[in-house]
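> So TrEMBL lists these for the protein:
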| type | residues | note |
| --- | --- | --- |
| TRANSMEM | 72-89 | transmembrane segment |
| TRANSMEM | 101-118 | transmembrane segment |
| TRANSMEM | 169-189 | transmembrane segment |
| TRANSMEM | 196-212 | transmembrane segment |
| TRANSMEM | 218-235 | transmembrane segment |
| TRANSMEM | 247-269 | transmembrane segment |
Amino acid sequence: AALAVPEAGLSLWPRRHGTGKGEDSFKTSPFHLDLWFYFTLQNWVLDFGRPIAMIILPLEWFPLNKPSAGDYFHMAYNVITPFLLLKLIERSPKTLPRSMVYVSIIMFVMGASIHLVGDSVNHRLIFSGYQHHLSVRENPIIRNLKPETLIDSFELLYYYDEYLGHSMWYIPFFLILFIYFTGCFTPVAEESRMPVAALLLVGPSSLYYWYLVTEGQIFILYIFTFFAMMALVMHQKRKGLVLDSNGLFLFYSFIITLLLIAGWVAWLWNDKILRKKYPGVIYIPEPWAFYTLHMNNLHAAKESL
């Protein structure tokens, strides 16, 4: 019999010599408190917190022709998140397709970097009176630009930010989460429960996914991922397999996210101005569009008193 020669070099992936698919199915993994906590913390600080940091910090510190504090948050997010995703895949009890994960990570970094540029300019325009609840051509500061071809340039910037950047960012992100989710099954019923730490994190995690789906306008991607999770859970249940603690954490986070989105839509259902900007069948307003429409007006009213 020929001797197996181990691969040379370092790898992010654990080696599983002689491991078959059947053996993978019976491996279990404890709840990854450290990774899920880091995910939740950096998502809230570096993603949700970046536009807030840009607004509240003095403009003198970050002139409009220079990167803002939020841009540096975004740069850190673009480095830390791929690393955490790789570590999450590394801890999967199941051998996962490496090539698909590598390509997804590369696409994720490209999309998040494209979004960094477009989002940076779009958020800086707020200081010049840009209103996110209006389309590019309906914004007063854009509508009067001369020559009019400049408006096309701003629409191109908006396309890179809201469409191309979001697609290349979020599709790989949800794909990696789903790939990891496929390995979160165990035949041991006692291991299908969430520890206290997971219960404490599921709320902040779900609230962030709500922000991600609504602000990123990716409800279709989210709901298809959620349906795929449900189908996989039912399929594995027929085999006598149940979700482990990590799988339950992801699954419950997605369920609560759906409830939060439903509540958000119901609250703003009769908002005529937001209805005009989001005229399609799926009506899910962006939180920052709501902010520039209602909260900015509230702040201006307070300052005038």
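Numbers here mean position along the shown chain, with the first residue as 1.
Just so it is clear, glycine is given a Cβ too, placed from its N, Cα and C backbone atoms.
Automatic, uncurated: that is what TrEMBL annotation is.
Can you tell me where each of these features sits in this structure?
For the transmembrane segment (169-189), the residues of the chain that approach it from at least six positions outside its boundaries are 24-26, 28-29, 81, 85, 88-89, 92-94, 96-97, 100-101, 103-105, 107-108, 111-112, 114-115, 212, 216, 218, 221-222, 225, 228-229, 232, 236, 240-244, 246-247, 250-251, judged by C-beta separation under 8 angstroms.
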> Under 8 Å between C-beta atoms and at least six residues away from its ends: which parts of the chain pack against the transmembrane segment (101-118)?
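For the transmembrane segment (101-118), the nonlocal Cβ contacts are 71, 74-75, 77-78, 81-82, 85-86, 89, 157-158, 160-162, 164-173, 175-176, 179.
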> Any residues 6+ beyond the ends of the transmembrane segment (196-212) with a Cβ under 8 Å from its own?
31, 33, 36-37, 39-40, 43-44, 47-48, 170, 218, 222, 245, 248-249, 252-254, 256-257, 260-261, 264, 287
